[in-house]
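Below is one structure, written out as structure tokens; comments come after it.
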Amino acid sequence: MDLLSNLRRSSIVLNRFYVKSLSQSDLTAYEYRCIFKKTPELGDEKRLLASICYKLGAIAVRIGSNIITKEAVRPEKLQGHDWQLVQMGTKQLDCRNDAHRCALETFERKFLERDLSASSQTEVRKAAEGGLIWWVVGAKGIEKSGNGWEVHRGRRIDVSLDAEGNLYLEIDIHHRFYTPWTVHQWLEQYPEIPLSYVRNNYLDERHGFINWQYGRFTQERPQDILLDCLGMSLAEYHLNKGATEEEVQQSYVVYVKPISWRKGKLTAHLSRRLSPSLTMEMLAKVAEDSTVCDREKREIRAVFKSIKQSINQRLQEAQKTASWILTKTYGISSPAIALSCDGYLLPAAKLLAANKQPVSKTADIRNKGCAKIGETSFGYLNLYNNQLQYPLEVHKCLLEIANKNNLQLSLDQRRVLSDYPQDDLDQQMFWQTWSSQGIKTVLVVMPWDSHHDKQKIRIQAIQAGIATQFMVPLPKADKYKALNVTLGLLCKAGWQPIQLESVDHPEVADLIIGFDTGTNRELYYGTSAFAVLADGQSLGWELPAVQRGETFSGQAIWQTVSKLIIKFYQICQRYPQKLLLMRDGLVQEGEFQQTIELLKERKIAVDVISVRKSGAGRMGQEIYENGQLVYRDAAIGSVILQPAERSFIMVTSQPVSKTIGSIRPLRIVHEYGSTDLELLALQTYHLTQLHPASGFRSCRLPWVLHLADRSSKEFQRIGQISVLQNISRDKLIAV
């Protein structure tokens, strides 16, 4: 069955610009094997190898369990106090090999970073999502500024290689949020706006600014804090490091922790020797601060509007930057041209409500009913006041949906503020009592500034086997907000508002599982999984495994997959013919190998794909308006197939406005399996349109990954994985 012949062709423009084809010397590297005196703990080897790369005096890259460089490492650099490198000779790299291509991209990125860093008028930083941030420092780079904040114009720049060895620049507009203030100044002015990350405002030995995770502010003085390991006070230490007497004397002690240390202890620092790492969220909170003047608030709102640049603005600016870099860095005088590719437009998914009635969006279930019914008894807890009435629009919505499904709901179990105990033990008993009465899902109305702890309520309820849907009382819910609250409540009660019409193809996967990991910077919550059938029917979520590194445990993946296969059997009375396993982010070496081998023994086919939220750049289309060539966002469902790299990039969402903002495509890599890329693309795209918890919007990620992602974050917040044993896996507690 030829899918491609039935798809509409489309011409796509990317924010990528051709640089050169790699030469034989570009593809040659020195290879070293690392011998550790003590075997690294599980999950630590890659981090240790990466740290060794910075100590070799040459640009070095990790590849598998080895290290490669473009120039020979000097003999005196081949050994550290607990490791030793052994040269294995030269290695010829091949761009058709994913690991080799990734290593070559890292080399090219490091070379580009070195060259861009040569200018005194700009700075280069590594971007959190990959690539480089190149921005203009000083007054010349400021686009907007206010009291303690600046927005600098810059570019996010990355490199990419295709399987043929062609090197491309990928360039996008980037705005860097920056504060010239110290932590001391920030907390004096905005004490209610929390800090997450801070940085030294002085250079370290490597001429960089060290970043920290922010801990807490104290009233302690630097001269009173003794650094036992150095035999001096905190004040003396900073004076020795170049601090002025004024900086030290006027500072309080703050506590910070290295970002890269999962179990790092808090370290004492000075409030005037640190600056906050300003984020868009912090700037938004400044605009909400009652002490900030109206003019300042207008300036901040203008910032948020100005950074949402259209694809046309982005591609035109990227083209100028690419031409400059080609000339200055690569010695290429020809102008940069955005890369054009042949693409396809995938057909939209067909959504189904009750009795397989077709709907265009999830909101239509209000008139059609839900595809599958769950619990019919609900609790209501009003922690806003002592009124027993449900929020009017939510109540109406629940009754309308129930009517369309020809059933009655039990909504009589209601409690108010005066019923809720203050003592922790009594609160736990409150939830246990409700659970014993058959209530397993509760709508909780409480204001954001309530003295009751939302997270504590959630955990106490989960311990009793109850899922909670929270709602703020003000402003009062209109029918749109009420519908989304109702959908969240129903999903947590095991309902399935909508399903999909299965893709009509013999090779389609009949069980799809999404995997994600979250971290609290000490432990990773991995193997959080969510599964659906080909028609979108939910098989629920699975408990995560707590692990040390971001690499999934192969055994934990198999345990999760096998549980979900058994669920599939219980529903379909057979084993699945094919699985599609989706991994959020990079698939690490060996993660899925055990599962693949065991499925082979059962003659169950499997495909593994990694879904990456970054690295796909921007996708646009050329159109003519008033006789001029302009760019517009590629239509939702647009896909570019890249068979040589076993990958595809696709548009799964749209900006709210055609003239403000631009969408971010997904990049999907086919890590294992024999299914055609176009079928994987179609099934992936249809799963992004399945969003039972939102009436009017689809997901950017496929639904199984969206839920796995939300679940991993929820499990991370809960922290106590054992409490999840009491709650049904059919209840989507993370929506």
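Sequential numbering from 1, following the chain as shown.
Glycine too: its Cβ is placed from the backbone N, Cα and C atoms.
Look at ASP516 (active site): DSSP puts it in a strand. According to Swiss-Prot, the active site annotation covers ASP516 (among others), on the basis of similarity to another entry.
Residues annotated as active site in Swiss-Prot: GLU550 (among others).
Summarising the annotation, Swiss-Prot assigns active site to ASP584 (among others) and lists similarity to another entry as the type of evidence.
Per Swiss-Prot, the feature active site maps to ASP709 (among others); the stated evidence is similarity to another entry. All protein chains shown were included, and the count of other CB atoms within 10 Å of the CB of ASP709 (active site) stands at 24.
Among the features that Swiss-Prot reports, Mn(2+) 1 binding site is placed at ASP516, ASP584. In three-state terms derived from DSSP, ASP584 (active site) belongs to an extended strand segment.
Annotated Mn(2+) 3 binding site per Swiss-Prot: VAL735, in sequence order. Taking Cβ-Cβ distances under 8 Å and a sequence separation of 6 or more, the neighbours of VAL735 (Mn(2+) 3 binding site) in its chain are LEU487, GLY488, CYS491, LYS492, PRO692, ALA693, LEU707, ARG710.
Taken from Swiss-Prot, the feature region 'N-terminal domain' applies to 1-94.
With DSSP states grouped into helix (H, G, I), strand (E, B) and coil, the region 'Linker L1' (95-180) comes out at 22 helix, 41 strand, 23 coil. Positions annotated as region 'Linker L1' by Swiss-Prot, on the basis of similarity to another entry: 95-180.
Among the features that Swiss-Prot reports, region 'PAZ domain' is placed at 181-284.
Taken from Swiss-Prot, the feature region 'Linker L2' covers 285-369, and the record attributes it to similarity to another entry. Per-residue pLDDT, averaged over the region 'Linker L2' (285-369), rounds to 90.
Annotation comment: Swiss-Prot describes 370-498 as region 'Mid domain', evidence class similarity to another entry.
Most Cβ neighbours within 10 Å, among the active-site residues ASP516, ASP584: ASP516 holds that distinction in the structure as shown. ASP516 (active site) sits 5 Å from ASP584 (active site), counting Cα to Cα. Spacing of ASP709 (active site) relative to ASP584 (active site) is 8 Å (Cα to Cα, whole number).
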